[in-house]
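A.B. asks: After the structure tokens below, expect a handful of questions from me.
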């Protein structure tokens, strides 16, 4: 591949090559070296790949430099800058080497540079939007391109007949039509580069962009037909040739699309079976898509169309099949390749323009072409839009039409095609080359520069970036169903009817065939949105959790964002549910055994001593599997740290509350208040340690209505604020009770308790480590828990996928739990708390909020459950973390074993 | 054509359909009307094969049939269909009343599909029912429950645990209802 790419870069880098060669040749290429040489300079062996890498590096560095100044890039599109840079570089090369080098070679362009860009745009094409506007897109792509080609060609010919083009441009009507066909096509690379920065509304974008992708088939056909006509000579063209030309339009376009779809099918099918070799998933995507491109190219079909359809067709299934990490890999690799290719294309375009040996200037031709492509583009758009608006639900207005006309950028495709012309058959080639370069430069630079101000000035509807909401997704689904039904009632088989048919077919057959069973099962768009929202919340939570914690120690990340009194924000709710697990943890400390104690000591020792080297402990590396990469581990770590700290601080406050009620604190978090209320109620007049059953019962009662909470809030606020002073007392009390004698030993260790939480708190994380709530514990715990638990641990924090894969319902969980009679001895119903831990993992317990606010009706049950679980009995620790759905089986030990 | 002229004019005025569109829809209406009694019953609708497999089919049929009745005549039929006419910019009808195909009326129609008990609120259970119909068996109930909860919380502004029509409109304000709740009626 690199060898093949050589022509792209031509000869060795002029400066380096020229300077280097004379000095090295005696050593490496001259007479055999006398002996072992210390240094051997082997430039020629690495020349080709080296140059490729170097050019890409230069292009990338240029990009970085451009983006150093935000002001420049906000005014000037990157493509313009790159072309200008190319001009400069080309000039330098020309000056140094005395001849033009490193030009954009058509072969390289079509085989290596174009496919990544097209694949990227096809794969990430918003398919719904695309198909919603397919009619318009196809019209502009097919009718528009034909119109542009013929009118431009004919008008130029007319210009020549009128004597406005110099007679030295030897071209007939066919030559002009050929030129028209290559200059008329809107270029996907240029359009993408410019429109991505303009942010027009999505309908407008998809129409212009879709057109630029789909017109490839028309361009290719027109170009080939005209080219062969020119080569045959106009006299020899038969009527059948015209018919063949028309037929080839269908063959090339439909054939290209078919090739793409076949490969999309293969790709989807292949990824279904990659479960054990996840690591090659991204590779498969690229290989098969590239194979589609090459196959279409081989059969002289529309390769762009093939890749577009391949990307478009496979995405849904591939995304469902491959792992989350592979998805990220595919996304980034695709974007990297595309951006790389785009950069190189524009830069080489600039360099190529410097080569004056290819050019022959004719002002009449150049100016005429510029005028005609702009004029006929605008005229064509207006005519077609008028026609389309008869059928469109939302007509395209005048402003849209202006942008569409003006957005018809020409680019590297036209340039590559014109370079491919055969000078012997097309005598005017040099003039065409010059004209094409001017047209490309004019559209990319002038139009690219002005389109942004134009869009602003015309007040074109911009794209609004709004986050997906469940409501939108859900209701839009409803709308789809409604429209399909209405079309059925009306008896008119329109777009919605066929879309509905397709969805049925897809659901019944295609998805079953192409998707993994597991993926198929949970595959639903509504669920998808929910999943994405969850992940987003989780990420933002971790992001902001860090500083908030450090500043106040106990504040909730959600505080600043909370503005509604009702606290109905979803995120909050989720966070609350997350904190449910936290509550569990607190109560755990009532159960202790000798073994636990030992482990606790161990844990604290490890915690203090082994903290730093922890990262290294997993040094295994496999080529075939990514176990856990550093990034992920680090994320986890941050997360766990936060959790732990929060746990501890919460713990301490809680204990404090129990003992004193004097110091008012200025916490504003309503959540906190609530917690405070709950805690206060729970511990009113009781020793903190006894947070068991009866206390929880009390809690339940208190949380029943919001009003109650609010009324209590002032009181709780005060309570909240016991200092750490009381912690010690809590500890001692614990000790006095003799429940946990071991804690005495632990407490003295200064290292263990930096923030001075009680011993019980110290243990919490570790204990949970044994149980299911290990998530919250720093990963040291994994070292001291049995191996099977470690695997459980790893599984549990596997990735974000696991985060959302389980349907985590709070409500169902609640209802599912049978209200156990108090005091039952170890009912040990392994409750599927999958619902709980999940959100809790996502949203670290901001405070032990155990779904209090939400549990209006079922509060009592849930609260009991949450407060009473005892975990980590030796005999239960071996619960294997369950399936994807229920990783977390918590065993509730009712009676406690005090 | 069995429609009287004045009736035709009234329909035209009320719904904004053109003459030929009304004629076409009337033809469709009579085709669906197997008993030929000038009304469509629930069974008539259910005979449309595609409608039977539409997850919201039953709800939509119910939307056609007025409250407290079990049949719908042509006036009612075309009135409902008028909701789905594309919005045309110039036809702001002068008499001040909102045309049937206005954005708000389109939304109202969708809202009523959710709101079974007609209390102007989508409650959690109502939402859950619709979710059930739409996602089928692929997703277990707990997941649907979470989704329903979150959906409501997203939209709920007054904290009553349900989505009122105002909240419904608000949450969809960014959506191009004009496009997503319109179909092209043939002339």
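Each Cβ is built from the backbone N, Cα and C atoms, and glycine gets one as well.
Sharing the feature lines straight out of TrEMBL:
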DOMAIN    B:20-55  domain 'EF-hand'
DOMAIN    B:102-137  domain 'EF-hand'
DOMAIN    B:143-178  domain 'EF-hand'
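Mind mapping these onto the model and telling me what they sit next to?
C.D. replies: Under 8 Å from some Cβ of the domain 'EF-hand' (B:20-55) lie the Cβ atoms of residues 1-3, 8, 11-12, 61, 64-65, 70-74, 77-78, 81, 133-134, 136, 185-187, all in the same chain and six or more residues away from its ends.
For the domain 'EF-hand' (B:102-137), the DSSP counts in helix, strand and coil order read 24 helix, 2 strand, 10 coil.
Through the fold, the domain 'EF-hand' (B:143-178) approaches residues 86-87, 103-104, 106-108, 111, 114, 120-124, 127-128, 131-132, 135 of its own chain, all at least 6 residues removed from its boundaries and within a Cβ separation under 8 Å.
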A.B. asks: So what's the mean pLDDT when you look at the domain 'EF-hand' (B:102-137)?
C.D. replies: 83
A.B. asks: Can you break down the domain 'EF-hand' (B:20-55) into helix, strand and coil residue counts using DSSP?
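C.D. replies: Helix, strand, coil within the domain 'EF-hand' (B:20-55): 22 helix, 3 strand, 11 coil.
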